[in-house]
Amino acid sequence: MGTGQRSVRRAALGDPLFVGLIVFSVLGTLWYVVPLADMNGALRLFWPAQVVLDVTICLTSWQIWRMAGAEPTTRRFWRSMAHATALFTVGDSCQAFLAAGADTPAEAITGGSVQLAFLAAGVCLPLWTMITHPIGAVTRGERLRFWLDAIIILAAVGAFIWVYSVSAANDGGLPRLALTVAGAAGMLICALGVLKLALGGNPPFTRTAAAIGIIGVTTTGAGIAVGGAFTDAGHYHLAMAASFVPCVLMAFAPKVQELGMRHGGATSGAVRREGRVSLLPYVAVAATYALLVSVLWSAELSPRAWGIVAGAILISTLVVARQLAALAENHALLHRIAQQEARFRALVQHASDITVVANADAVVTYASPAVQRVLGISPEALTGRPLSALLHPDDLGTLALPAGPDEVQTTQLRVRHADGSWRWLEVTRTNLLHDENVRGYICNARDVTDARAFQDQLRFDATHDALTGLANRLLFHRKLRGPAQPGDPDGLVGVLAIDLDGFKAINDTLGHHVGDEVLALVAERLRRCVRPYDTVARLGGDEFAVILSPTTEEFAAATADRIRAAVTQAAVIDGHHLQIRASVGVAIGTRTTADGLLRTADAAMYDAKRRGKSALATS
């Protein structure tokens, strides 16, 4: 027993109305069955007792209707019950007044036209609510199962009504037969409504309240038939008991519901779980067979006939047992599948990698929740869009999807984040168009932006000078031996060798920190003197070099003049007024002679130094 059930049980034992109902039902049943009083006393209290039960049901239903936190369908049902029992109270009160002047016990027990009118009006309210209540079946198979279960149970109820009510009333004339048939039809409709609520998947009551209500409705129908037979036979005490006991059960149903909602935490009925099998149809089959045996018992059948009946019951029992065993196995399998789906869903929900499924047209049909964490885009927003929608324009050519079955491709490409930035993703694409369970491309992607940035930084550090940010000697030679630039049909390359004059004296007299600032300043001036696609490098110490590609002799000489003029501009560093000077050597050639160009430029630069500081020499 769960904590909620224990709480409800303790609350029920301490609830005055619930305890009062128990005492009232026990004393009332003994009052009529034993009996404990004479006929006149029993008749005088019969209808007032019905009024007490009506008021109890009405007040409890009203409490459930007004309870905060209840589901809308629950409130709607119990509102109709409160209104219906209010009409029952009025009708039974009128009948109590009329029964006081009845001439015979039969007239006192049997409801009159006024009482029947209020009863019919009251039944219509919850009946309409039950018929229009959504059954909660989504698929066609669920709807079919619901109606098959309902028809089986209704057929069993109809069999009981036929045996104990309609067939018995056939001897009482047409009026009584018509009244009995009408009552039986009403009971069937009520049973349908109750079954719709109980089996529909979203009932407005708990399982316990539903069970009590179903038993109450069933015994009410049986009580009408049995009560009529007892009345005709002059057993008026038993006739009143047959009417009183079902009404007591009906009074317990809303009270149990109210206690469950108030103390058990339930806001509505228990939704039937997927794959759960209802046993009510099998109970209905067993009850119908029991009814068949009871009817045939008085028919004086031969042993041969009883053998056939026993065989039919045995075969049906075995078939039901086999089906229940298969259903139990199916339920266990469904439970395991549900567990696996839940585990897979949890893995997908919390995975750091993105999983995307695209159809043959490269349109996204599924995106995992990780896309929200990585790209800031909801899976719903990405679904239905082409894969290329978020790609960087320069990476569109790398999105070619694998053509062959089970073929796998892995590339790194840039994808736009929701904030407008670009994220590097390593995407592994697998062709599963041939797989009936997928029918698409599976794309698994992980964010490699930080790793890519780290690798880029490592490459930059390996090919650039840490102080000036210029290309180092390694990158300089790589650029010099590289392919010709567009627009350079002759392949002419200019190399400028630059050496600062008097830099050692600056380092020795002012310190290395001033020398470092001088080098950084010279590097910045060199950048401003060349084109964006030219290469400026620091080869070491105070030696710099420039690659001009494409170039001409005139352009190289002009660039060398700009560099010499820019570098020799005065500068103030750390409070020191410095006049920086440089010697520049120029060499022109093709990339086939790249290895000798720097040596030639160096020779020209040293020739310029010999001719004077801040000089220019061309080779």
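Using N, Cα and C of the backbone, Cβ positions are placed for all residues, glycine too.
Database features (TrEMBL):
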type	residues	note
TRANSMEM	12-33	transmembrane segment
TRANSMEM	45-65	transmembrane segment
TRANSMEM	77-100	transmembrane segment
TRANSMEM	112-132	transmembrane segment
TRANSMEM	144-165	transmembrane segment
TRANSMEM	177-199	transmembrane segment
TRANSMEM	211-230	transmembrane segment
TRANSMEM	236-253	transmembrane segment
TRANSMEM	279-299	transmembrane segment
TRANSMEM	305-327	transmembrane segment
DOMAIN	340-395	domain 'PAS'
DOMAIN	409-460	domain 'PAC'
DOMAIN	491-619	domain 'GGDEF'
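In the domain 'PAS' (340-395), helix, strand and coil residues by DSSP number 28 helix, 12 strand, 16 coil. When Cβ-Cβ distances below 8 Å are used as the criterion, the transmembrane segment (77-100) is approached by residues 43-44, 46-48, 50-51, 54-55, 57-58, 61-62, 64-65, 70, 107-109, 111-112, 114-119, 121-123, 125-126, 128-130, 133, 197, 204-205, 254, 257 of the same chain, each at least six residues removed from its ends. Confidence for the domain 'PAS' (340-395), expressed as mean pLDDT, is 88. For the transmembrane segment (144-165), the partner stretch with the highest count of Cβ pairs under 8 angstroms, out of 45-65, 279-299, 305-327, is 279-299. When DSSP labels each residue, the domain 'PAC' (409-460) comes out as 12 helix, 27 strand, 13 coil, counted as helix, strand and coil in that order.
Using a Cβ-Cβ cut-off under 8 Å and counting only residues 6 or more beyond its ends in the same chain, the transmembrane segment (12-33) has close neighbours at 42, 45, 49, 52, 56, 60, 237-238, 240-241, 244-245, 248, 251-252, 255-256, 259. Note on the domain 'GGDEF' (491-619): DSSP counts are 62 helix, 43 strand, 24 coil. Tertiary neighbourhood of the transmembrane segment (279-299): same-chain residues 148-149, 152-153, 155-157, 159-160, 163, 195, 198-199, 305-306, 309, 313, 316, 320, 324, selected by CB-CB distance under 8 Å and a gap of 6+ residues from either end. Using a Cβ-Cβ cut-off under 8 Å and counting only residues 6 or more beyond its ends in the same chain, the transmembrane segment (236-253) has close neighbours at 21, 24-25, 28-29, 32-33, 35, 39, 42-43, 46, 49-50, 53, 56-57, 60, 105-106, 109, 205, 209-210, 212-213, 215-217, 219-220, 222-223, 226-228, 230.
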